[in-house]
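For reference, Swiss-Prot has these:
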BINDING   C17, C101, C200  [4Fe-4S] cluster binding site
BINDING   H46, H79, H129, S228, S229, N230, S273  dimethylallyl diphosphate binding site
BINDING   H46, H79, H129, S228, S229, N230, S273  isopentenyl diphosphate binding site
BINDING   H46, H79, H129, T170, S228, S229, N230, S273  (2E)-4-hydroxy-3-methylbut-2-enyl diphosphate binding site
ACT_SITE  E131  active site, proton donor
Amino acid sequence: MTMPPLTLYLAAPRGFCAGVDRAIKIVEMALEKWGAPVYVRHEIVHNKFVVDRLRDMGAVFVEELDEAPTDRPVIFSAHGVPKAIPAEAERRNMVYVDATCPLVSKVHLEAERHHENGLQMIMIGHAGHPETVGTMGQLPEGEVLLVETVEDVAGLEVRDPERLAYITQTTLSIDDTAAIVAALRERFPAIAIPRKEDICYATTNRQGAVKAIAGRIDALLVIGAPNSSNSKRLVEVGRAAGCRVAQLVQRATDIDWEALQGATSVGVAAGASAPEVLVDEVIAAFRARFDTTVKAVETVKERVEFKVPRILREPAETP
């Protein structure tokens, strides 16, 4: 039986960013150093495949610190945590490792610096996302105002329009954020802007990679978790760039093949917490149904690496 021809365009960069890679290594090295169980507050990264693999190795995922015993190490997720969390871990004499992405930590430090200079903070982000909760939790309650949309800007009530600064979640849509920033600067001309864009290199690169293939494809598949902010943004970027069909899938088994009927070219992208093995799985699923040609489209090479915390490079002690 002859299979219909189809071209798969693989967007690159895709998949693991340096912060995700570091966070996963932290859990693996902690298990190697201290043995199982090692506790992790919140999913280390938003990907079920990754979390399940680490759970099989002996990681125990909890949502709150009080679910972890005080005599076992605990790791904080890549998204960052409010200041109160490590303070509470220290109060309980717990061994903890902070896997917060260094680029998220940069935003934390930026918020603290502005606060120390007497500026009120405005954060562009998604309410309830762990990164937003963690960043807002670096400052006293009420010191950070959250905006999610351009419309939110009009309703902001600030202490002093001359004493403001803004920061952003690192995984936002570049285009949407630019519109919100423009609205902030129009309403508050004196607002202090970040020294460097808070949206991280990996988010920027992955959105750019989707835009680069959007004009060549009939449909887009983004491999990522439904709670992954950067993966959901890739779907939105694809739709905004003209992709009639744009699906977010965790595994190849999630693909809606009916929606792909008639497609002769499909783009594949992957969020920053999706491992390459899941991309391979999707390619295999297409090869089983189509005479598939695979073309990689790389927009930039990524060479960023982050070191793991010193505590994991030191000899083990009983926690």
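The backbone N, Cα and C atoms fix where each Cβ goes, glycine too.
For T170 ((2E)-4-hydroxy-3-methylbut-2-enyl diphosphate binding site), the count of additional Cβ atoms within 10 Å of its Cβ stands at 28 [all protein chains shown].
Put simply, of the binding-site residues H46, H79, S228, S229, N230, the one whose Cα is nearest the Cα of C200 ([4Fe-4S] cluster binding site) is N230. Distances between the Cα of S273 (dimethylallyl diphosphate binding site) and those of the recorded positions C17, C101, E131, T170 are shortest for C17. In space, E131 is the closest of the recorded positions C17, C101, E131, T170 to H79 (dimethylallyl diphosphate binding site), judged by Cα positions.
Listed in chain order, the residues near the isopentenyl diphosphate site other than H46, H79, H129, S228, S229, N230, S273 are V45, P130, E131, T171, A225, N227, S231, G271, A272, each with its Cβ within 8 Å of the site Cβ centroid.
Farthest C-alpha pair in the (2E)-4-hydroxy-3-methylbut-2-enyl diphosphate-binding residues H46, H79, H129, T170, S228, S229, N230, S273: 15 Å apart. Put simply, C17 ([4Fe-4S] cluster binding site) is 13 Å from H46 (dimethylallyl diphosphate binding site) when counted between their Cα atoms. Checking Cα-Cα distances from T170 ((2E)-4-hydroxy-3-methylbut-2-enyl diphosphate binding site) against the recorded positions (C17, H129, E131, S228, N230) with a 10 Å cut-off leaves E131, N230, in sequence order.
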